[in-house]
Structures are given as structure tokens and as C-alpha cells.
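Read through the structure below, which is laid out as C-alpha cells, and then see the notes.
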Amino acid sequence: MVMSWLIITEKDNTARRIASILFKDVKTLKKGRVSYYHSPSNDAYVVGLKGHIVELDFPKELNNWTKTPLEKLLQAELVKKVKERTISSILKEIAKKADRVTVATDYDREGELIGVEALEIVKSVNPTVKVDRVRYSAVTEKEIRSAFSKPVKVDFNLANAALARQKIDLIWGATLTRLISVHSGRMGKDFLSVGRVQTPTLRLIVDRELEIQNFKPEKYYEIFAEFEGFIAKHPKRYGSKEEAEKLFAKIGETAKVEEFTRRRMEENRPTPFNTTEFLREASKFMSPHKAMNIAETLYMNGYISYPRTDNTVYPPTINLIEIVSALSSVFPREAQIVLSQDKITPSRGRRETKDHPPIYPTGVAKRGELSKDEWTIYELVVRRFLATLAPKAVWDVRRVVLDSNGVKFVANGRQLVEAGWRDIYIYSKAEETELPLLKKGDVLRILKKRLEEKETKPPGRYSASSLIKMMEKLNLGTKSTRHEIIQKLVSRRYIHGNPFRPSETAFSVINVLKETAETITLPDMTAKLENEMDLIAEGKKREPEVVDESREMLLQILRAIDYRKLSKDLREGVKKDKIVGKCPECGGELVVRQSKAGKRFIGCSNYPDCTFTLPLPQNGTLYITAKQCKEHEIKEVKIRTKKGYWNLGCPYCNYLNWKKENS
């Protein structure tokens with residue numbers, strides 16, 4: 001009997017590409033709506049999964065949120081469920097006649113677990129089948145052929161680390177979400193989501209907003225002198241106006257050059273993209289979640305390397321010059337800047353890992369072959385890659401120190417002499433400052449002197465970029481999950497905008513948890529669990545042991561909660577999130593309501609005595625902002641749709657304008 005070879009990939013389009021690379025006689029087979037691929041001459045089958053085809057869940061008898069005790073929920077034995085039955089059926093069918101199974105899922109923790117889940121299905125019908133694993137970082141012919149020429153063993157420790165994360169996140173997420181949702185009265189579609197990583201991340205945003213709200217600006221004073229062609233500044237700033245005025249009065253009509261320096265400064269090139277830096281740069285154009293989805297599509301279609309990586313050093317196995325030469329057909333000017341050098345040496349970051357290289361282009365794409373957003377991400381990856389190989393930028397840097405009656409002034413100037421990598425990486429603006437050539441002893445006339453009163457500014461809100469960086473610093477989540485955490489906070493209406501602003505519900509949830517179960521909101525506990533999962537991957541700890549430790553940790557948190565206070569504070573806080581302002585007719589509270597027909601509107605809390613209402617758009621996610629209308633005691637409203645944010649402004653002003661236009 002001829003035995004078959006079964007190759008398992010993570011997604012269908014990867015299966016299709018790998019099949020076409022390895023075999024010349026590929027036929028597409030179908031079962032229901034699922035396609036898979038067969039090479040008759042090799043009797044090889046390539047089956048693409050849909051990511052996880054098996055999911056973990058709680059037993060059905062624990063589905064009732066209000067009746068199931070939380071301690072029982074967190075101690076429950078989780079059950080596995082096959083969620084893609086057709087794919088499972090195909091795997092079993094082929095596995096029965098297979099003598100070799102190759103796992104070709106993505107090479108990371110999640111990919112290893114996805115492969116192991118499929119293997120368990122295979123081994124349920126063929127327990128003795130030979131199994132191997134191939135690892136690759138790009139879906140290109142060269143990479144795939146190289147990977148299949150040197151298969152390795154499946155890394156069960158790596159898969160178990162992902163399994164531990166899956167179990168812990170499910171246990172913590174379900175338990176805490178039920179805790180908060182039930183005690184706030186927010187269940188059904190409107191439930192309040194809480195999670196192991198999500199909640200400490202949300203606290204960062206809420207705490208920053210509180211810093212901004214509580215910030216008290218302080219006045220300070222700075223002294224400037226204007227000269228022909230430049231402005232100089234006194235190096236010190238003063239909290240006392242009197243002290244500043246005293247010094248200001250000493251300034252004469254001229255200033256003498258005490259020191260003038262001029263030097264050439266080389267500016268280093270950007271380092272190769274790892275996931276964190278890629279998402280931070282991509283967030284200039286779109287949400288990190290969208291950027292990662294597009295990067296994965298480009299990877300599976302052979303245009304860029306694997307986008308989930310910590311590495312910032314190109315391995316010597318990558319033929320950098322070959323890639324640049326190939327890219328010259330689409331980026332000729334940029335490629336020429338790189339190729340015109342006598343020697344090409346790439347920049348290096350601090351982190352070097354052996355699993356995947358930094359993100360780099362693996363195929364040449366033309367603008368017309370990709371969607372607008374796909375091209376934006378592809379171009380970003382290409383330009384970053386070329387910039388890491390380009391010459392350094394060179395600046396002419398100047399500095400002058402001047403003196404006027406004992407009052408010192410300093411000015412700096414810089415001009416870009418050789419653009420180098422800056423001619424390629426167009427996302428980083430070169431800020432130039434004029435400063436003429438001077439020499440020691442020159443006496444310059446002061447055209448104007450200024451004493452400026454300024455105020456200290458509050459810290460800035462977190463942008464997608466700065467939040468990802470802070471999450472990495474605090475070990476919140478992983479390179480593969482941070483963008484998903486941020487997206488979850490947006491979709492659950494905890495945060496909006498970019499930079500991010502928290503909703504009233506976010507304040508309520510975090511403030512209540514800080515008082516009743518602060519551990520949940522701190523990064524320490526989550527970082528500890530991340531370290532434990534690393535130990536599983538290294539084979540130093542067992543998955544059940546880490547999961548049980550996390551259950552015990554959560555149990556202690558639940559037992560320390562004051563449930564009466566939790567319930568009271570949550571219900572009061574959640575109510576605030578629906579309050580839009582004061583009713584102009586009776587002074588009651590205007591709140592967001594829903595009609596029997598399911599339409600949302602703004603109504604008065606004193607209904608039926610007061611029937612004042614305002615219409616609202618029916619599509620998109622509604623956000624009540626902290627900004628209040630200048631004319632009415634009503635907060636402004638924003639709507640988030642697929643196209644972005646729409647600032648509706650004051651709903652009452654909006655309604656009055658509409659009424660005026662349509663009268």
C-alpha cells in the first residue's frame with residue numbers, strides 16, 4: 001500500500017503557496033467549503049488550518065454567569081472543542097493512510113501549539129505515524145525548499161508555553177469579566193471585559209489621564225536674544241519673575257562670542273525592524289491591529305518575512321545585496337543609494353535571536369498589485385530595510401556661547417550635509433536650524449531681547465506607539481499580543497482616539513479595582529506569569545504547575561475582595577458613562593437610552609414627567625467625551641466607524657443646526 005505524506009500549515013494561502021513551491025502537479029481538492037492540495041506523483045497532501053482549530057472552554061454547566069460561583073469557575077477543568085470540524089475530518093481521512101506528517105505552521109509559540117493541536121487529531125487515528133517539523137521565516141521558494149531539506153522535531157515545550165498562556169488568559173479573563181460584569185449589572189452584549197494583560201494596560205491609560213487632570217501648571221520665565229540670522233537663549237529658566245527681570249535688565253545692546261564650535265556629526269541609521277518597532281512606526285498610518293493583519297497577509301503572500309520577531313540583527317544567511325538589487329525595479333533611486341557604496345554593512349540593534357530574522361522584504365511588489373493599506377505597510381518595510389543598509393547621514397553641527405554684560409546666551413544650529421539613509425526613510429523629518437559662521441571675539445548687535453512667561457505642561461497621553469513601548473518595558477503581553485490587547489480596549493469602548501483617552505467606564509473599573517483588588521491592575525503579577533511561561537518554553541517548568549499557580553493567585557485575589565463595596569462603586573461608576581449632561585428643560589440627567597425598536601437616543605432621566613429627547617446616529621460606536629459644550633451643559637460625542645472617528649460635537653447643537661437647515 002502506497003503511504004501518503006501530510007503537510008500541515010497554519011492558513012490556506014500558505015498551504016497553497018507551499019504546495020506550488022514543492023510540487024509541480026498540484027491539484028485542488030475540496031470538502032465542503034474547505035480547499036486542500038494534492039500532488040499525485042508524490043502522494044502528498046497540504047492542508048491549511050484556520051489558526052487554532054481546537055479551542056478551550058469551560059464545561060457547559062458553568063455557563064450561567066449569575067449562578068456559577070467564581071471559585072468553582074476558576075478551579076474547573078477546561079475542555080477542548082474542535083471548532084473546525086471539516087478540517088478535522090480532512091486531517092483524519094489523510095492521516096489514516098499517512099506514514100509521514102510534517103508540521104509547517106508558523107515558527108513561534110502559538111504556531112507550535114496550533115501544529116500540536118492538529119497532531120493530536122492526526123494521532124487519534126494514526127498514533128504511530130512519523131512526525132517532523134519545518135521552520136521558515138519567509139514563504140519564498142528558497143526559504144521553503146531550505147526548510148523542507150532539514151526538518152527538525154516538534155518543540156512540545158514551546159507549544160506547552162502557548163497552552164499555559166491560553167489556559168491562564170481564559171481562566172483569568174472569564175473569572176474577572178464575570179466578576180465585574182455581574183457586580184456592575186452590565187451583562188449580555190454590553191458586558192465589561194477584564195483580563196490579565198488588558199487591565200494593567202488600561203490602568204496605564206487611566207493613571208496618565210488622572211495625572212493630566214490633576215496637573216497644576218507652574219509659571220516659569222525664559223530669556224531670549226535675537227541676532228542677525230538666529231535666536232539665542234539664556235540656558236537657565238526661572239520660577240521667579242523678579243529674578244528673571246533683574247537678569248533681563250542687565251542685558252546690553254551687544255553680545256560677544258565667547259565660544260564657537262563646528263563639527264561634522266554622523267547620524268546612525270535606524271535598526272532593523274522587530275515587531276515592536278514595526279508596530280510603533282506603522283501606528284503613524286493605522287492602528288497596530290490593522291498593521292499586523294496586513295503584515296501577516298504580506299508574509300503569507302511572500303512579500304515580507306515573518307512579522308512576529310524580537311530580532312534586530314540580520315543573520316549572515318540573508319543575501320542583502322541580492323534583495324536590494326531585486327528591489328531596484330520598484331525603488332530604483334533608493335536602491336542606488338545603497339548599491340553605490342564601496343562596502344555595505346547593515347545597522348544592528350541590541351537584540352539578537354535565532355528563531356526569526358528582523359522583518360525585511362522577501363519579494364518585489366508593484367503598487368498596483370496591493371491595496372492602498374498593503375502598499376503603505378510594504379513600502380514602510382522596504383524603506384526601513386534599505387535605510388538599515390544605506391550610508392549614515394552627516395550633519396554640520398554648530399554651537400555658539402555669547403555674553404552680554406555677564407548674561408550668557410547659547411544657540412545651536414545644524415544643517416544636513418549628506419542625507420544618506422534619510423533620503424530613503426522618508427518618515428523621519430530632518431529638522432534643520434540656521435546658525436551663521438562666527439568666531440570667538442565677534443561682537444554682535446542684539447536686535448531684540450525677550451522675556452517670555454511660560455507654563456509647565458502636563459505629561460502627554462499615550463499614543464499607540466508609546467503605549468506599545470511601555471507595555472514592552474513592563475513586560476505586559478508579548479510582541480504577538482500587544483496590538484490585540486490595545487484593539488480589545490478600543491472595541492470594548494474603554495479607550496478612544498489616538499492619543500488614547502479613557503471612557504468613564506474605564507475610570508470606574510480601574511478605580512474600583514484599585515480599591516478592592518489592586519493586584520489585578522498591576523503589571524507585576526502579569527510579568528511574573530510571562531516569566532513562568534518562558535520557563536515552560538525552556539523546559540524548566542511544567543505547564544500544569546504554572547496554570548495551577550495562577551489559579552491559586554487568582555483565588556487569593558477573589559477572597560480579599562469587599563464585594564458589597566465593589567458592587568456599589570461599579571454601579572455608580574457605570575451609570576456615569578451613560579450621562580451626557582443636564583436636561584435643558586427640567587435639569588434632570590440626559591442619558592443614552594434605547595427604544596423598544598432598538599434605536600439609540602438621548603433621553604431625560606425624569607421621563608415620563610419630562611419627554612425631552614435628542615437623536616443619535618444609529619451606526620458606529622458611541623463615545624461620550626469629557627469635553628463640554630460652551631453653550632449647553634452637555635458633553636460632546638464622538639462616533640467610531642470603520643472609516644475612523646467622526647466628531648459629532650454637542651448633540652443638542654447638532655440637532656438645532658439640523659432643525660434650522662430643514663425648516
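Every residue, even glycine, has its Cβ placed from backbone N, Cα and C.
Remember, predicted model here, so these are calculated numbers, not experimental data.
Taken verbatim from Swiss-Prot:
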DOMAIN    4-137  domain 'Toprim'
BINDING   E10, D106  Mg(2+) binding site
SITE      H52  site 'Interaction with DNA'
DOMAIN    155-558  domain 'Topo IA-type catalytic'
SITE      R165  site 'Interaction with DNA'
SITE      D169  site 'Interaction with DNA'
REGION    193-198  region 'Interaction with DNA'
ACT_SITE  Y306  active site, O-(5'-phospho-DNA)-tyrosine intermediate
SITE      R308  site 'Interaction with DNA'
SITE      R492  site 'Interaction with DNA'
ZN_FING   583-610  zinc finger
ZN_FING   629-653  zinc finger
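Structural mapping of features recorded in Swiss-Prot.
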{"residue": "E10", "record": "Mg(2+) binding site", "Cβ neighbours (10 Å)": "23"}
{"residue": "H52", "record": "site 'Interaction with DNA'", "Cβ neighbours (10 Å)": "17"}
{"residue": "D106", "record": "Mg(2+) binding site", "Cβ neighbours (10 Å)": "26"}
{"residue": "R165", "record": "site 'Interaction with DNA'", "Cβ neighbours (10 Å)": "26"}
{"residue": "D169", "record": "site 'Interaction with DNA'", "Cβ neighbours (10 Å)": "18"}
{"residue": "Y306", "record": "active site, O-(5'-phospho-DNA)-tyrosine intermediate", "Cβ neighbours (10 Å)": "27"}
{"residue": "R308", "record": "site 'Interaction with DNA'", "Cβ neighbours (10 Å)": "24"}
{"residue": "R492", "record": "site 'Interaction with DNA'", "Cβ neighbours (10 Å)": "21"}
Quiz prompt | Rounded mean pLDDT for the residues that make up the domain 'Topo IA-type catalytic' (155-558) | solution = 94
Quiz item: Roughly how many Å separate the Cα of D169 (site 'Interaction with DNA') from that of D106 (Mg(2+) binding site), to the nearest whole number?
Solution: 21
Quiz item: Near E10 (Mg(2+) binding site), which of the recorded positions H52, R165, Y306, R492 can be found within 10 Å, Cα to Cα?
Solution: H52
Quiz item: In the same chain, who gets a Cβ under 8 Å from the region 'Interaction with DNA' (193-198) while lying at least 6 residues past its ends?
Solution: 168-169, 172-173, 176-177, 179-180, 476-477, 481, 485, 488-489, 492, 494, 509, 513, 520, 525-526, 529
Quiz item: If you run the three-state DSSP split on R165 (site 'Interaction with DNA'), which class comes out?
Solution: helix
Quiz item: Listing them in sequence order, which of the recorded positions H52, R165, Y306, R492 have their Cα within 10 Å of that of D106 (Mg(2+) binding site)?
Solution: Y306
Practice problem: Sort the recorded sites H52, R165, R492 by C-alpha distance from Y306 (active site, O-(5'-phospho-DNA)-tyrosine intermediate) and give me just the closest. | Solution: H52
Self-check item: Counts of helix, strand and coil residues, the region 'Interaction with DNA' (193-198), according to DSSP
Solution: 1 helix, 0 strand, 5 coil
Quiz item: If you run through the zinc finger (629-653) with DSSP, how many residues end up as helix, strand and coil?
Solution: 3 helix, 14 strand, 8 coil
